[in-house]
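What follows is a single structure, written as structure tokens, with notes after it.
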């Protein structure tokens, strides 16, 4: 990485760190007037602040850099092999199964050093992507992971006591999207995934295992892919052309997308030298031979030329979009109802007043709701009381009627008992009289018989 590019980035980062909250209002008329009032002066002698870029470069070299790559592609498409080849390092990534029930993201961080530059490299691999029968929501874990890294950085940024210089930035700087070399068109899963990622990360599409497709088919495939991306509104990363030193090569490389790549850590002897290549019965595919694949172009564009721009785009475009949406959800804005600049304190006081009014309104609603529910409950209880009273009166009336019936039956029964007793007494008297009469008659007959016998 050139010192001028590092200095340019660090100056930009220093400016962004102090004026992040007012980025959206810099185009206002007031800011324009302020810039017009700045005068340019010529110094009469040497001061020394010309060494500021060198100071920033030295400080940056001491702190080191971080770069985070997201590899999205089907299992076995060659993601790990390409990363190993790009950084000329064996990262010892283990093979993934084709039978994962859902998509998982696995992040591994490594510390690399080239000359005196230290790089903290994080590689995020999508495990199980495209292996499910239902692939409709396969992109969602990737989106959630990217948002989670943005949220972690935002929370660190919003802390009262923060340390962004020592904070391990895990935001994804580039997404290498591996496309299967079918030679036909993009899969629906690829279009859907890239469409949901293009506003959150810098996407660089690559055709994996390009040695399985002929050059003619590969060129047609590239044209077909770019046509589908444009027609579906997928925004992929474009190499910047605003820097005159790299504008020409970047413009040419933009026309070469997507890159058709081949990865390999195996060395094969070609001529008198050993090169990274793939050995086949029909010949050798050299990884770093531009006539065989676009690996060198990808490495030059990704690492040697535009790594810093990818980091800047992540911070100034994708993260700022996430940050703005989150702050707007919280009620923060740069301008008021009359399009006048609003400070954070004013926004805070306005939201505080709004929340206070909302709380009072909800408290009043809760009180009214409580009173209403109490009234409804009282009405229900009174209605239940009336029903119980009516039921009680009804039962009481039935009880009285039943009691009267029983009293009547008792009276009739007592009358029957008295009548029966009278009849019984009469019957007993009559029976005794009859018995006495019968006994008298028997004695008379006996006496008469005795007299006749004598």
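Glycine too: its Cβ is placed from the backbone N, Cα and C atoms.
The number of other Cβ atoms within 10 Å of the Cβ belonging to residue 79 (GTP binding site), over all protein chains shown, comes to 25. Under the three-state DSSP scheme, residue 79 (GTP binding site) falls in the helix class. Taken from Swiss-Prot, the feature GTP binding site applies to 73-80, 128, 209-217, 263, 278, supported by similarity to another entry.
Mean pLDDT of the predicted structure over the domain 'Septin-type G' (63-329): 87. If you look up Swiss-Prot, you'll see 63-329 marked as domain 'Septin-type G', on the strength of sequence analysis.
Sequence annotations record features per position, and here Swiss-Prot assigns region 'G1 motif' to 73-80.
The region 'G3 motif' annotation in Swiss-Prot covers 125-128. For the region 'G3 motif' (125-128), residue counts in helix, strand and coil come to 0 helix, 3 strand, 1 coil, using DSSP.
Same-chain neighbours of the region 'G4 motif' (208-211): 73, 77-79, 82, 178-181, 218, 260-262, 278, 280, 285, 292-294, counting only residues six or more beyond its ends whose CB sits under 8 Å from a CB of the stretch. Per Swiss-Prot, the feature region 'G4 motif' maps to 208-211.
Secondary structure of the region 'G4 motif' (208-211), assigned with DSSP and counted as helix (H, G, I), strand (E, B) and coil, comes to 2 helix, 0 strand, 2 coil.
Taken residue by residue with DSSP, residue 215 (GTP binding site) is part of a helix. Look at the binding-site residues 73, 76 and count other Cβ atoms within 10 Å of each Cβ; 76 has the fewest. The 10 Å shell around the Cβ of residue 212 (GTP binding site) contains 15 further Cβ atoms across the protein chains shown. For residue 263 (GTP binding site), the number of other Cβ atoms no farther than 10 Å from its own Cβ, over all displayed protein chains, is 23.
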